[in-house]
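K.L.:
Feature annotation from Swiss-Prot assigns region 'Disordered' to 1-21, 203-254, 282-316, 449-515, 595-618, 648-673, 770-802. For 212-231, the entry in Swiss-Prot reads compositional bias 'Acidic residues'. Feature annotation from Swiss-Prot assigns compositional bias 'Basic residues' to 449-463. Positions annotated as compositional bias 'Low complexity' by Swiss-Prot: 482-500, 773-790. Look at Swiss-Prot and you will find 657-667 tagged as compositional bias 'Gly residues'. Sequence annotations record features per position, and here Swiss-Prot assigns domain 'Protein kinase 1' to 693-1014 based on sequence analysis. The ATP binding site annotation in Swiss-Prot covers 699-707, K727, 1063-1071, K1084. Residues or ranges marked as domain 'Protein kinase 2' by Swiss-Prot on the basis of sequence analysis: 1057-1309. Taken from Swiss-Prot, the feature active site, proton acceptor applies to D1174.
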Amino acid sequence: MDSFNNNNNNNNNNNNNNNNINGEGITLRTLLNSCTNTSSNEQLIVNNVNKNSNIINNININNTPSPISTCINVNKIELRGSSNGIFLNSKIKVPLPNSTLLEQQQDGADEQDKKQQSLSDKNILFSSGDKEFLNHGSNNIITDQNTLLYQLQQQQQKEKEKENDEIMNHDDIIGYNEENEDNFFNEGMDPILAHSIEHHLHNHHHHHGEFDTQENEDTSGESSDESENIDEVLVYTEDIESEKEKKRERLITSPPSFDPHTLYSMSQSLLNCSLNNNNNNNNSISSPSSSINNSGNNINLNNSGNNNVNSNNNTNIINNSNDNFISQPLFNPLSMPNNEQYELLPNPTTTTSTITSTTTTTTITNLPPALPSFPSSSSIKSLKNSFGSNSITSSGELNNVFSSSMSPPMSPPNRNVRSLTFPGTNPINCINTSVINSITANTNCINHHHHHHQHNHHNHHQGHNNINNSGHIRKSADDTVTLSPTLSSGSSSTSSSNPHHPNHNHQKGLNNKTLEKLSCTRKEIYELIEKKESLIEKQNLIDEGYSENADSFENLSEEIQKINEKIIELENLITSLSNSNSNWSLNGSSTSTISCNPLSPRSMNPSSSTSSTSSNLTNSLRKFSQELKIELRPLDLRAELYSSINTSPRGSASISGGSGSGGGGNNNGCFKTSSNSSINSPIQFFENENESIDSYEKKNEEQFESLTQLIRENQLYTKPIEFKEIKLLEKLESNSKSSNIWQIEYKSTQLVLKQPKDQDSDKNIEKRKQLFNGSNVSGSNNSGSSGGNNHNHHHCNNSNGSNSEVIPSKYTMIQHKNLGLLVGWCGDSIIFESFKGMNSLHDLIHRDGLKIDMALFIKISKDIASVMGLLHSKDVAHGNLTSRSIYLDRFQIVKVSFPKLNATDLNNPAIEPRYMAPEMTRMEEDQISCSIDVYAYAFVLWEALTSHLPFRKFNDISVAAKVAYENLRPKIPTSCPLIIRKLINRCWAPLPSDRPTFNDILKLFDHLEGKLFFSSPGILWSLNNDQEVERELQKKERFNEITEFLRGKKEIKFDEVAIVEKVGAGSFANVFLGIWNGYKVAIKILKNESISNDEKFIKEVSSLIKSHHPNVVTFMGACIDPPCIFTEYLQGGSLYDVLHIQKIKLNPLMMYKMIHDLSLGMEHLHSIQMLHRDLTSKNILLDEFKNIKIADFGLATTLSDDMTLSGITNPRWRSPELTKGLVYNEKVDVYSFGLVVYEIYTGKIPFEGLDGTASAAKAAFENYRPAIPPDCPVSLRKLITKCWASDPSQRPSFTEILTELETMKSKFIKQLSFLNDLIQNPDDDYNNNLNYDEEVDS
């Protein structure tokens, strides 16, 4: 680590590799060159050999790792003949500018003893060599990196004149040295310099006699222990240049504001040459009081993670009657968010510490070079959005406006906002990066609490001072920091900020309304700049030969020019607001006023700046500055959109974006209002500060229900809307070539109306027929014709003949919360749900630079798949699934535009060529299906992942040909998760049959979200093909074993059975577990004892014993006294328990096997003319191999005369004909079978939410059935629907069911293999049949 230690004598430490530098005439360049030549484990020693011993100017910087940050401090120093001074609460003196004379003020021995006794807990004892001195740790002066750059510039200018300057050095340490007071002017002093100082003292006493009196009184007698800890330093400097007397009276301007490139480049350059980045360097420096520059700010920057950043802050005193009073360092990090103001409070308590010269210091890790640090989080009280100046209050609070970051507006956003603090450090000890510029020759006035005023005898703030900084910081449209206060002529007088001071005045700042207006104006400038950059990029693409939709970009140059004019207009507005509202007065009786620089950031003449460093940058520094622009991204753009969906709240975000419609335009229109077409910065788009995403989803569902209720109540699908019922709000901008888009209001609901530009009434009527399947549209024909003749206000008129009922179409049956709803029609115009406040995914990615993180990506992908699954279940293809037809609002709600009517029209396809499936390009009509949407879906996923337009370097014609005939696809980035890469490759497969369905895709994303198939918890029962074969063999072996044993046995003696325990009770019997001849058996003791004498019962039981089947519970025999039946005992439990009690989840193959086995068992029973009549999941049992066994059959037929209807069948599974008391046949079991299949697939109880009786009644008399999930395969959906048909003759037999299941099996296997391959197969994700575009940026 680098350590700068004070060498208190002239003895050199003759260690290995020592570098001895004579202190006479030392300059900054000499020092830096010497530091550059040092290496690891070297010691750099600078000896003070100047014989003038009355000037004490040594540096002590401790740089060792510790949770405590140590800063260099300045001892109180006073110029002879003056009682005025600059008060710095510290003890160590630092190098001051050329020709500056210093003297350490003498304190009496008794006063010194009092100070030693009254040290508060904020004092830290340092040991330097053989002497000790005190450091007030809570009032350290903080570094200022801008000033260091200015020092280097000034030093270069002064090198040619250094022979005219006299260097005064001293080799004593800073402390309470009684010999210093009388030896300030000695024989080695420059007489010109002495004359200048005396001249300045004369002016100073003349103008500030009040302060002389106050300080003399305070010096003669101090009344509090706190005031005794205050050190006083009075420093006067002159800028002695070659012009001598003429320039001696001129005021020295403050360091100029550096542009970001110069600031960071030169900081890094100094850092590399002065500190070497070597952790083991031990550089010991005792610096003379030689002049470094004319800025009073010294900076030590450290690029190592193990080094502390220490410095002190000296302030130049010009040769004038103005005094600068500094106590508290400024906290102005360079890269704080825009319009954010920290309110820093003094630390209420500090801890007493005694630290020697080996004290460790805070380490700064994981920071890029020259990255400023933030104040400690303990010092941050509140964060406010504001635009104003630094303010001061009597309570000691320090309000600072932090400057904006220096990266360009288009820098990639990083949404990870973190407070960069020093762990364990005092909030005062941080990097000071403020820059105070002065346009005129006046000085800044900085107030502090510890100045010894006449009425100030007590310190009420424990060393925490207020700073009245006159700098006004704002970020220009070019994203550079401008800190340029303009000081009017006159002397700035200072006063105490102590609340007891009689002349204390509160300063006045900008009012809240002006601040808010300034903030909004700045945001609008940033938006315009981002929009301009996007348009320039599009123009460049067109110039490179990319001609997609080139017609829509014809006026790009004009639009860019308009944006530039608008930016200038807004900057002028900022100027006027600043000039009219930003003046304020200093505290006390100051006559000086400070105002913002009236010049616009773009109109400022760079030649007026006193800094010319940027013009002298080398190529390497320019390159480095460009790298820093990327690395040091704007902190106001850092939000955690990437970490979580529920993060990155932006309360100030304001969406004024597209008011799109559900129907979309030619490109599914991202419609924008003509008044405002831009949105906020992309990372400020999403806003979910107070509520979670789930709550926004709930609101979306409520809005969806409200809109569907509006449609139902007004019968909008069956009758048109009268034009007089709607209100035209505004015409929306759209890329649609076929329609005019209007924002309308209907019954207090905002909607979108698409007015066709084509006045062909027949064509418009045909389109309306397709959407609404209207049987009576003649009434609106005339209105459609008149609409064309009467322009906008008559296009919705309809005649009185359009009141007849219209039959709903399949399009009116498509309703989903994530789909833009079809609302109705008015004349020839179609009305859709409005997407106001939403922006298309295309615009968010390509216009606003939004980066999609994985959590948001999965949400968008799943919502789209859910909508598309519903459309395909209705046999409707969307036809235009692109990033332009997908919309998002600030709460991450996804909407997909309404499907196109010409979705599969090969002659007039609705979709863009780069999203078009290859079979459409090849005009293969027999291959056109809903899978064209799956193909387009893959490109939407790719676009969201890469933030690039598909095939951006090809025109439309080239893309269509290369995709269709060369199988060209964009290259998927390797940073994309493997499972997503595989999914995309499957979706854009060349053959439609190889593409998955949206139901498969939806289940995949359910799995990625931690859910597999069903939301209910439980274990997954899976089955593969090998297990299926093995279990079939086991089932047959056990069945054959039992059959052989029972051959010839019909009756069992009850005393041959050992009853173990009761295991349950059913409708007809109590069930017990028993042991019979070594076999576990289920003993069902019938409740109706009269049955034992019924020969029919005995004959029925006998027939059951002979009818063995692997999927039917095996009957072992019966006992007449008492009447009971013996069956095999199945320890797997019932299917009802598995699905609804244990909540076991089933994979597709297990589902298929259960359904298939159940069909086999029921087919066997029906083949021997046996009806079950109580087929429910409770009567379906599983053995240890999870094989299906049907139980409790056959008895209902015998007991039909004795049992009530409710006892025959459970009401939930009861067929309508049984409920109605009609004649029935074996089809009652088919009805129940359909409900059991529904249970197996969904894991839900049939008619969930209704009791048994109500469900049976609604099923019989209202034809009510449970809702089949949209992700259910179409073939299985059709089978279930057939099985629970109201008409028994429409239900299939179990033989027909088995035939359908055999054809369905391949789809189940394909579904299983698709999911398993995506999740488990580690093979390469690339498709060998595809050619990947290597030119596409991945």
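Glycine residues also receive a Cβ, built from the backbone N, Cα and C atoms like all the rest.
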K.L.:
Among the recorded positions listed here, E705, D1174, which has the most company in the form of other Cβ atoms within 10 Å of its Cβ?
P.N.:
D1174
K.L.:
Quick one: what's DSSP say for E705 (ATP binding site), helix, strand or coil?
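P.N.:
Looking at the DSSP assignment, E705 (ATP binding site) belongs to a helix.
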K.L.:
Using DSSP with the three-state reduction, classify K699 (ATP binding site) as helix, strand or coil.
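P.N.:
For K699 (ATP binding site) - judged by DSSP and reduced to three states - the answer is helix.
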K.L.:
Determine, to the nearest whole angstrom, how far the Cα atom of K699 (ATP binding site) is from the Cα atom of the residue listed as 'active site, proton acceptor'.
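P.N.:
About 43 Å separate the Cα atoms of these two residues.
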K.L.:
List the Cα distance (Å, whole number) between E705 (ATP binding site) and the residue listed as 'active site, proton acceptor'.
P.N.:
39
K.L.:
Say you check the Cα of the residue listed as 'active site, proton acceptor' against those of the binding-site residues E702, K727, A1065, V1071; which is nearest?
P.N.:
A1065
K.L.:
What is the pLDDT of the domain 'Protein kinase 1' (693-1014) when averaged and given as a whole number?
P.N.:
80
K.L.:
Where among the binding-site residues A1065, V1071 do you find the Cβ with the fewest other Cβ atoms within 10 Å?
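P.N.:
Taking A1065, V1071 as the binding-site residues, the minimal 10 Å Cβ count falls on A1065.
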